[in-house]
């Protein structure tokens, strides 16, 4: 507000700051002519003090101070010709402050109330506002007794003829006045008393007198106005009527009662009315002062003087004379302060100074108050027995006329005089001066009013008053006590002969003015000069001559001259040293205080013209003290902030405890009500569902029966019809088939007989011919056999040789076949090549044929051409000429075409370029759209993350609040019964769920309903009992079911043991292994068969000559696959046969040979394997398979029997549960008959003890079952290993003999060194100790310095791994829950410590990464080593706990950001804006700024180096704790955002920071921050982008701001700033030297026009509390768990490595 020069707030702010800085009382003197705005200015100043300082207590003193204004305006202000709200009295309000400069009280002094206005008003003027407010509110019920009416009805309110003010509602003002009275402690009774007195004054003015003669008069009998007056005042009518018309004269010996004339009676009536109003005015002022009186000691005060301004009317009387006299005194005080004292002090201190002339009004004051002055002559005339106004005027003329230049006599009057005041000449009418100065009232009338017994307020108005302090009674310090009463008019009273009461009004007024001057001179004055724009009360009308006249009259022009050249602020050397000692270093302090101050000032203020050294004081120009105060305030701010923090924390804790108590009470009742409503809703819902079920069942069943009957009837008819048709058709078909059969059979037999005859005949002919030929051959051979025998002796040997050769040839044939197949392959490739060559040759042949045809045609053409050659030779000559010409033309044409071609090429290139540019633009736009869409998606993702994290933050806050409430409840709630134990939160939640479940039976509800009327005495205890009783029954049912299940398991185990004892125990595991192996081989055999069938189908479906050809590559591949599959199939068949034979042999060996050892079993097994090689064993294998089937059937039968036994046991359990239920109901009925207290205590004690014992038994049984399950799992793993070993053994070819003969040798098993598995084992009871030592009592600094980063996280995960290895879900859940709660407790306890929060954020993230890395999921396992993959969790999926840890990490991150913000917040403004990193750049103070200092102390001075050191500290701590690099980047980004947002917000709120030099300073500071980012390799963290708005704001301060080009450049440059921010910076821009200029309004409008289409936020300031959403990228650890060593310093000796 202080920047709004020259607003009244600036003056008030300066006074408040000087009071706090100099510890001296201040005064604000508001002066000016009547109607210039003095009252309004004083109200604004008081409003400023009430707003800025506040009250020191809860009494709202500042509101009371402001509330005094409407009261005083209503009773002391009136409408005049110059002003509609003119103050007709002067007031000086002292606002008191304590040592902390907060308002503690106030005191008001009044001066010279214009009492004559009560009985007389000039034309166009009004009486005091309160009378018109009463008349406007006369219709109110409480005012009926006052008998008021319209203002025109009363004599005292209608004389001016203007009862209404335009724009003012008197009724509303009356409401405001009454509210102010109530606020100031004036009760309704006193308010009605005040209104009765005011109404009585109005009725008194209507009292009329009737003259009896010239010297006496009387009041008409039963005069209504006087009757109403007496009724309101509570006095006797006859006494008041008598003393209004008579007066008492007292002499030394006796008294006389003398009647008075009508004129004197009217004057006496008016004097009484004035006196009553004046006393009422003083009474109200006294009560206002009592209400504003300070209860504590006043340290200092600020006085606000609102006194009447200089007045001149057509008729000026005694009141105007006193008013103008007071203004002369104030003007003299102003001159003394501004001119005389100022220049005299400069001369005294030997400061170079040129004297300035000014107007001195001391002669005018001497004319008024000096000896034989106007007031002195007036008092002297009042003492004369027959003194009159005329004689007084003559004395004035004789004394001062032609002797004093300031006194004149009017030309046409002998009863007036003129005084030349500092503002103007004023003509005063002498009539009434003496009477008003005497201010007499008849004592008898006052006695009558005092005698009022019905109206207690009236006598109080005339009680003895305290004496007015003399001018010499001021305190030595120059301050005036607050308990001073107002100046009262003098009037003689019996019993009091004090001289103080015999003083005239003028004498009293002169004394009060002297006292006021002493008060003002003892304070530091501040002046408000109100200038009246015109004399006609016209709005928006300014009279230049009139304004200049006022400025010159009040000395403002000379003030401007002396202020421009002077030194308004000054300190003595000792005061300067005492106040600014904090700015000095130890070496700067010398024994000579003067030299010390000079040395310090030369360092603090570089411009030596800004201060001067005098003999005893240091003088400063405007603004320099404010600059020094700002530097000093920076040093003192830290202490203030610490105090504020402590007090606010205490207040908030107190408020929180109160709110928590209220919330617990509300929650208790609301939850009870909701529970009852919910139970009622469930009962009604269940009943409604039952009714709906039966109703819907009935309707649907009825509809279904109708539809079923109709459908059956239709189906019967339709099926009969269709059956008959089908029968007829089948009959026809059958008969036709019989006919066809016989006909076709006859035709076939006829055709067969014919064919048979023909074939037999042909065979006979052929066989006869062949027989004849054979016979001839046989006859010939028989003749030559002997000859052949002789020729072929030894042919048999040759045949044997030939046989061998044939075999060799067969082998060669096979090889040749293979070669042939290869040749076929090559042939196929060669044929393909040849085919392509043939095709190519065919094409060339066709081209050759075409060429020969073309040659023949060409030859024919040649012949024709030869013939034509002869013809053309003759024409050659003529054609050559034409050819030359044509050649020339063609050359020209070619050149033209070439030019056109080049043009076309250029156009083509241009088009190609445009197309390329368009394509490039399209791709760029598409890329931009893609980038924008991706950015939008990222923003949406960040918004969702931010929303989720804000919800998480709110959840954590509510959770902390719940924990606090829970802790307080634990402290507050005592245990009601000795046997009751408090269950945990999970048990209570489960209990509530069971309580509201809908599974309640009708039998259980019945006794509860019956007992409700009898339990009205203790409904809360009974409801608790019923809930616990129901919970007990449910727990018993669960226990019974678990007990039955345990018994059943034990019975099954006993049966299994008995069966195992009956069976031979030898080779049971081997039999199971062999059966499993056989099933596996059969399944693989089926798979291979299916694959073979699929291959064959694929070959048949894709049969094409290229693919299925014998030499094709695909065909060969398929053949290879087929052969391999067939071989594999054969191997599997052999294995199946071997296994089946083994099964049979093993079964045979089990029955007769129970006692043989394993060596005989091995021999039998090897013999069976050897026998399986013969083909005859297949039958035996088949028999063995049958035996196995029979064995399986027997096993199925045994399982069926066990299943039946289980059914029987379940039926028994159901029966037992029914019996238990009946027993519980009986027990409940018995308990309900007992009294409530004994019932609850007995039932709870019994049930809790029984349930705890049973739960312990069940827990032991469950542990036994878990051990058996783990044992079975280990056996399965052993069986799996054996299966693998046997498979390997079967693949090896070892002869059985070697195995049988090889002896069994004893094997020595060496003990391996212990191999750690990366797990930590601890006992369940040590869990709390683990959490305490590892989390709650761990010191982050020692862990970060001495141990590996993230060690607590690794230890906790290794403990989780061991619990997972044991398959103990309770242990895993308990450990993780305790860990999370422990971390929350640590952060709640030490949440403001950066190292603690950073340490646990790092460890929480590392714990989360370990749970991901060893979770067994493929996405996380790909980064692990094989050894790390062996350490993965095997039994539990902890994905839900990963989410809980992620939420916890988000909460810790947000807490870390808040800690960072609290540490950085005090440094940012000082280091980024106020500190001069570049010395000398901002040494010049921006012009146009008023001197101002901060009323709130700043923290110690911080520089940019302080911020960078703090950033280095943060970064080193996070690196020591092993925080993830990505997370460090996010933290740094958040820190830089806070720095940029806070700096920009302060820049937008401070005018002194918006300059070119400050922009340069900010850019330098930002560059230093960017350099820090480069040093730390954090440029890609996004932190630099968060500083972009601040960088653009600094650039905006430095760029040119004149032309449209500059506006365009600003719009394009400042894309990170909003329109409101740009305009604000331009408006605040302030030049620091003559080379710069302010930004023009037209330029700012140009900027706004250019930015009107920009869609940005209208918010001016950035949200400094904004937190970016955080992510935790997966960061696996390369550290091997088995290598981690636990240091002894952690105190974890109870943990052992596994």
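Note that the numbers count up from 1, one per residue, in the order the chain is shown.
Placement of Cβ uses the backbone N, Cα and C atoms for every residue, glycine included.
What TrEMBL says about this one:
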BINDING   32, 33, 34, 35, 36, 37, 38, 39  ATP binding site
COILED    785-968  coiled coil
COILED    1193-1282  coiled coil
COMPBIAS  986-1000  compositional bias 'Polar residues'
COMPBIAS  1006-1017  compositional bias 'Basic and acidic residues'
COMPBIAS  1039-1065  compositional bias 'Basic and acidic residues'
DOMAIN    1-633  domain 'Myosin motor'
DOMAIN    1377-1653  domain 'Dilute'
REGION    469-504  region 'Disordered'
REGION    513-535  region 'Actin-binding'
REGION    975-1017  region 'Disordered'
REGION    1039-1069  region 'Disordered'
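With a threshold of 8 Å between CB atoms, the same-chain residues lying at least 6 positions outside the region 'Actin-binding' (513-535) that come near it are 8, 11, 14-15, 18, 22, 24-38, 41, 45, 82, 92, 109, 111, 303, 305, 309, 325-326, 329, 333-334, 336-338, 469, 471, 474, 477-480, 541-543, 546-547, 550-551, 554, 556. Counting residues per DSSP class in helix, strand and coil order gives 9 helix, 7 strand, 7 coil for the region 'Actin-binding' (513-535). In this view, the densest Cβ surroundings among the binding-site residues 32, 33, 35, 36 belong to 33, judged by other Cβ atoms lying within 10 Å.
Over the region 'Actin-binding' (513-535) the predicted model carries a mean pLDDT of 88. Each residue in 83, 309, 530, 532 lies on the same chain as 32, 33, 34, 35, 36, 37, 38, 39 and has a C-beta within 8 Å of the C-beta centroid of that ATP site, without being one of the site residues.
Of all Cβ atoms in the protein chains displayed, 20 besides its own lie within 10 Å of the Cβ of residue 37 (ATP binding site).
If you take the C-beta of residue 39 (ATP binding site) and look for same-chain residues 6 or more apart in sequence within under 8 angstroms, you find 73, 77, 85, 87, 306. Around residue 34 (ATP binding site), the C-beta neighbours below 8 angstroms that are at least 6 residues distant in the chain are 80, 82, 83, 86, 308, 309, 310, 311, 532.
Neighbours of residue 38 (ATP binding site), defined as other CB atoms within 10 A of its CB across all chains, total 25.
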